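Participant: This is the structure I want to talk about, given as structure tokens.
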Amino acid sequence: MAGAKKATGTKKTTSKRGVSKKKKSAFPIVRVSASAPPCPSTSTDPVLSVVALNVNGIRAALGKKCQGQTLAEWVAQEKPDVFFMGETKLGTSAFDKYAAEYCVDGNSPFKGYVGHYCLPAPPTRQGYAGSCVFIRSGVAYTAVTHGLGVEEHDTEGRFCTVETPSGYLCHAYVPNAGRGAKSGQKGEALPNLHYRIAGWEETVRSHIACLRLMKPVIYIGDMNVCHQPMDIHDFKANRGKPGVTDQERHAMTNLISDGMIDSFRHLYPDEVKFSWFSNFSSSRAMKRGWRLDYVLVDSNLLGKVKDSEIFDDHRDWSDHVPVRLTLTE
């Protein structure tokens with residue numbers, strides 16, 4: 001974003017015991033895409049609907065149809081105020097080609113929306129992770145920031161915060177505990193679990209707590225966890241696998257205990273819906289899935305929650321489906 005300021009952040013090193021510790025660095029806390037325009041200062045519409053979708057590749061998702069609609073047609077129909085995308089698989093090296101092929105309104109593939117992109121920072125693999133947010137024209141917001149201010153969490157473009165006059169919208173594509181080897185040894189079944197819990201989850205929890213001291217927070221996205229047994233089609237068979245470990249489930253419990261409420265489960269305590277379906281074993285057709293995507297709402301906002309939805313019949317744009325939070329004015 002033109003004119004965005006950079007602040008001195010921190011990064012972590014690992015001790016002999018594998019516990020991360022922070023040290024000062026010049027890593028920027030704010031890394032807003034240079035291709036994004038300045039945040040508008042004259043818009044007045046409040047944020048009443050927020051959608052998130054792990055697209056499993058933004059270019060692939062934009063080229064597919066679900067129930068006869070492209071993703072762009074669905075956005076034009078539903079008109080979310082804010083639309084987050086996770087796992088865009090879009091890096092700096094491919095951005096110009098993507099923009100030329102897919103963008104129809106400035107840097108956005110959706111008419112009437114402005115885009116902000118959180119791109120993986122070199123030397124991170126460019127076709128991996130990444131996220132972005134599209135904000136409808138007329139919606140009031142004051143800043144878009146990328147990252148958590150800790151270098152090891154911010155190189156893959158996984159976290160984005162939109163500040164509005166009345167609160168913060170935080171979006172994440174949470175690291176999978178079974179992929180990579182940030183802190184585990186080769187051969188471990190869950191090489192990324194220690195980093196996920198001791199690093200990522202603790203940092204996000206602290207970040208959200210700090211934001212809540214200033215304004216209410218909505219935390220949305222692919223959180224890569226099945227919190228309750230009913231959030232996965234076969235809990236017994238999958239317990240202990242990435243996303244279904246006790247440690248990951250406990251980390252979600254901590255956020256909820258802090259006052260970040262699982263909006264879907266709050267409204268629909270007994271309803272079984274999933275947001276991710278494997279591409280194998282007819283999982284989509286049989287609706288044998290996992291609920292990995294959540295909208296956590298600050299307890300101070302619960303009175304304004306109108307609905308929290310999982311579009312579990314929209315399964316063709318990605319292996320995930322959209323989730324949406326609707327608020328009252």
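One-based numbering along the chain as shown.
Including glycine, each Cβ sits where the backbone N, Cα and C put it.
TrEMBL annotations: computationally assigned, not manually curated.
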Participant: Using only what TrEMBL says about Mg(2+) binding by Asn54, Asp222, Asn224, Asp319, His320, identify which of Glu78, Glu87, Glu201 is listed for that site too.
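Facilitator: Answer, per TrEMBL (Mg(2+) site with Asn54, Asp222, Asn224, Asp319, His320), from Glu78, Glu87, Glu201: Glu87.
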Participant: Residues other than Asn54, Glu87, Asp222, Asn224, Asp319, His320 within 8 Å, Cβ to Cβ centroid, of the Mg(2+) site?
Facilitator: Val55, Asn56, Gly86, Tyr173, Ser275, Trp276, Leu292, Asp293, Ser318
Participant: Looking at the recorded positions Glu87, Asp222, Asp293, Asp319, which one has the fewest other Cβ atoms within 10 Å of its own Cβ?
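Facilitator: Minimum Cβ neighbour count within 10 Å, taken over the recorded positions Glu87, Asp222, Asp293, Asp319, occurs at Asp319.
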Participant: From the Cα of Asn54 (Mg(2+) binding site) across to the Cα of His320 (active site, proton acceptor), what is the distance in angstrom?
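Facilitator: Rounded to a whole number, the Cα-Cα distance is 6 Å.
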Participant: State the mean pLDDT for the domain 'Endonuclease/exonuclease/phosphatase' (53-320).
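Facilitator: Across the domain 'Endonuclease/exonuclease/phosphatase' (53-320), the average pLDDT comes out at 93.
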